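The block underneath contains the structure these notes are about, expressed in structure tokens.
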């Protein structure tokens, strides 16, 4: 009997299926950038959401389509199976303010920001003389650079406590996968996202927590050579168009007239060769390889050029690093921090401060709500088990009533929805009203 065919390229083996699933879930953090209210937020905020998705690539849902009927529970339910670790929710209030909620799934915490100012990618490109075009930059996650996130004089009694600074730093650090400087290749670092915390003004009584976000592309150029010689370098020609890469020498008598500037007495201008040393780095020179034919490959395998290649060591070249802004820009002000996923106890608020007595009363209220929630879940489980037993008993007795079956299925689906969300919709609205009145 012939042996059954095993498809290895398109089908996973049984023993490797668990390992593949584990590797897929153990990858870096993933995010969803969502506009709450779909098209009601306006065209500018919708474009801002697209720009933020482009900035968060490749580990984000770029083609996510929101609907007006979608709720937060729809996204949190699918966050677990899809491996989504962060939710970035953009919304617009009735007064016209643009808000951003950065939440960690599945249990929080949630950072509430007010987007005071923002600039889109197209606005940044219009302000540049030579904007950066598309390419392979967004195939790798950006490098995260944070500045001034922790202040030396902060403690637990200050306006912005030390634990809030540590929490904010941890949340933003978890947006992108960590890197190892010893093993991470330099070619994979093509972009950088910068977060700078503005220091509080000395003459102001307020101490707001404000972050400035910038997004740049990293470009490098060779140094120590004149601009004319660099234009003849094949490594530089590959990055340009065919017509613009090759200089026009038709009006010159000799190639030396192009390489050496006659007006400078045989020397190039100093502005073409001198570059600030602060932006220079030394890297291994990237050599171009010749495409060999069949005969040359055979000679190489025979070892004719082995001795020559062993003696040649990779050269080191100096390159100037330059940042080209891609956008978007955002100025974010932290308003409050919640304990759960877009809900729960308020851990810190920018405008509202509570005394010790009020905090104890709020903790007691949250403990009471937590116990009531656990009791409701317990009662729901008991009701579901009771309904299942009654349904099984009715089937065993031979009773077949279609109306009862439909009613049972509806009843079970409602209970399951409440079990997943934890609290019914009406009770959630009552709790939100009580929270808002309590905070006031």
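The backbone N, Cα and C atoms fix where each Cβ goes, and this holds for glycine too.
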83-103, 104-124, 125-145, 146-166 - the one TrEMBL records as region 'Disordered': 125-145
Per TrEMBL, the range holding region 'Disordered', considering 1-30, 31-60: 1-30
Range annotated as region 'Disordered' in TrEMBL, from 296-316, 317-337, 338-358: 296-316
